[in-house]
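Colleague: Before anything else, here's the structure in question.
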Amino acid sequence: MSTVMAQHETQGQVLQHAKQGLEGSMKPVNPEIDADEMQEQEQEEGRMRPSLNFTGHQLFYVFGLDGVGAMLLSGGVNFALAYPMYTTQDTTKNPIRLFQLPNTLAGDAAVTIIIQCILTWFVEMGLVSYDLSKRSVQPVGFIPEPSHPWMRWLLFLPPSDPSDSETESEKVRPVNESKADSLFNTIVQGALRGFVFAVAGFILLWPLSVGILTTLGERDGGDWRYDDHWIPQAFKAILGGILSLLTTPLMALFWLVKAGWEGNDERSNARESRRSQYADAQRQDEPAV
């Protein structure tokens, strides 16, 4: 008798589990909710979800840390470089002038703008990527992607035309491309973007710097002469600081926006994948006619 009762209990448990499994399989799945839940689980381990507007922390990160902070750091570094560069030379033999070589402040300004913009581009690329991976800052997710081909190329976006994308991928990424070639391409592409900032910085700051220096130097024929102390050092520090204040926030903002585009694409792809799975499941559940 007890054996029969045990068998009935076992059969009842099996039927109950089967019923629960059937109800779970028949429960409708919302692809929108599931995609968002999956994305949230992934974001907990990776980057944060892109923001729908500027947050206070993002503004502090861009204009505080990468604006004022970069200005102070760059100004100090440029002053430290300029002090030995101009005070350890024989200025009697090679005076510090505005235009004439070898000690030319105008030439130093041009070189400073170009080198600093290119170096800052790579520094910001690494720093922002690290901060994003550590969830220290949120990507910017509400700025739409540009549609113009040149702007998409400049912002490291694939062509909007699929045919152009295939052609471009064949040109830029050959099948047997090595890691060294990929690294070289990354360096070249980054240097080009940094040089774009350098051109803008040169147009904006170089003529202004030269004009100010003409009021601070001693006229020497068709040029201007300067002492080896304080004017060259202060000039280089102020130029480097202002250049960082203008360019570094834009570079940091670029990488935050690009991370937002990538995050939005991942969410869109996850949502489309869930919709496709949901549609396939619906077709399989339909009774055959």
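A Cβ is built for glycine as well, from the same backbone N, Cα and C atoms used for every other residue.
A TrEMBL annotation is a machine prediction, not a hand-curated record.
Note that the coordinates shown come from a computational prediction; the quantities given were computed from them, not determined experimentally.
Relevant sequence annotations retrieved from TrEMBL are reproduced here:
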COMPBIAS  1-14  compositional bias 'Polar residues'
REGION    1-30  region 'Disordered'
REGION    265-289  region 'Disordered'
TRANSMEM  59-85  transmembrane segment
TRANSMEM  105-128  transmembrane segment
TRANSMEM  195-217  transmembrane segment
TRANSMEM  237-257  transmembrane segment
Colleague: Out of 59-85, 105-128, 237-257, which stretch touches the transmembrane segment (195-217) the most, going by CB pairs under 8 Å?
Modeller: 105-128
Colleague: Please report, as numbers and ranges, the same-chain residues at least 6 past the borders of the transmembrane segment (59-85) whose CB is under 8 Å from any CB of it.
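Modeller: For the transmembrane segment (59-85), the sequence-distant neighbours (Cβ-Cβ under 8 Å, at least 6 residues beyond its ends) are 108, 112, 116, 120, 124, 131, 137, 232-245, 248-249, 251-253, 256.
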